[in-house]
Amino acid sequence: MSQSTATYINVIGAGLAGSEAAYQIAKRGIPVKLYEMRGVKATPQHKTTNFAELVCSNSFRGDSLTNAVGLLKEEMRRLDSIIMRNGEANRVPAGGAMAVDREGYAESVTAELENHPLIEVIRDEITEIPDDAITVIATGPLTSDALAEKIHALNGGDGFYFYDAAAPIIDKSTIDMSKVYLKSRYDKGEAAYLNCPMTKEEFMAFHEALTTAEEAPLNAFEKEKYFEGCMPIEVMAKRGIKTMLYGPMKPVGLEYPDDYTGPRDGEFKTPYAVVQLRQDNAAGSLYNIVGFQTHLKWGEQKRVFQTIPGLENAEFVRYGVMHRNSYMDSPNLLTETFQSRSNPNLFFAGQMTGVEGYVESAASGLVAGINAARLFKREEALIFPQTTAIGSLPHYVTHADSKHFQPMNVNFGIIKELEGPRIRDKKERYEAIASRALADLDTCLASL
């Protein structure tokens, strides 16, 4: 198939991946037609018509370079990521993590793209894969049915999907502050989380209520397949009585403050379990329940979660919801630039490619956008080194075993190993990987 001669590039979908792709293309001097159906047609999970809306958590996760997603974010900053730049401008306290005011952040991304002289925003639903120009499809897990059918056909009709869920958001003014305390785990960074401590008795009662609560139904023909990093809390609880204690309710590093007077198990300095609440907006008036993605019926959410100490009278401004995420057989369908193997004018980006997470989705849009622009200019494709996070992630999702392919977060395990003797100390090893990654990325960019 010959390269398109159109004078613009299409980007379908203005989520994190599409917004990033559109920006990267436009900053290289190429006109973009950015299509977004919200405003004309709603989705079940989105609440606004803003671009890059965060429908699950408001966290971009860890910010340290000894964390793989922290490394990926730093690489994206060096590549002038619109998502990272606007995220930084709308940060809210989150200890050692990066969290944002979800409304302010999405509004700022939207304004920047709508006001860009080379980006034409078109509010319309796309039902066919365009063939008029180089195109980046970044319609996300909530792709409309008509377009999803066309993408599904590229998959050979195989159904790749999983479920993920969002956590509830509550009104801070309705939290009983006498029963909670402010602290970040291990006192890392500023004290940024409200902690709801539980005794063993309280935890056991909560576990019983959670595991017997009624879930919202799935379609009868669909199996319950969940992404491990966004598993509903009730599913986690049913895996074992202590599973949550090693997950979102882990108490380690969240010792009681000296002035705590509430119930505790004997003289223990650490609660048996802790539910953490994270600030969700810049004003600090909304908090989400960390790690409590759920598919319970709304009435059940209120009943069960109001048994958490401090939340007895909590008002929920948004209940948790679950949605079906479809993704592609990327190892067979895409190259490392997220370019279609069968149609070089077609790129994909975001969760549909098999990357999982806000940051990873934006990173895939960055890679796809840069390479769509380079194709437009008839330049050689840019494949980032496998020693970097932004190079290892697309390499993984396009070279994994197709038979067992599952969505993947960025992690140090997919980055090329260090040469020489293995560094035994994990923190030092990750620091060395990060240092090499940033040096290799800088070298790569300097050669362009």
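Using the three backbone atoms N, Cα and C, a Cβ is placed for every residue, glycine included.
In Swiss-Prot this protein carries:
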BINDING   GLY13, ALA14, GLY15, LEU16, ALA17, GLY18  FAD binding site
Other C-beta atoms that fall within 10 angstroms of the C-beta of ALA17 (FAD binding site): 36
Cβ neighbours of ALA14 (FAD binding site) where a neighbour is any other Cβ within 10 Å: 32
C-beta crowding around GLY18 (FAD binding site), within 10 angstroms: 30
Cβ-Cβ distance under 8 Å to GLY13 (FAD binding site), same chain, at least six residues away: TYR35, GLU36, ILE137, ALA138, THR139, GLY140, THR143, GLY350
Cβ-based isolation winner (fewest other Cβ atoms within 10 Å) among the binding-site residues GLY15, LEU16: GLY15
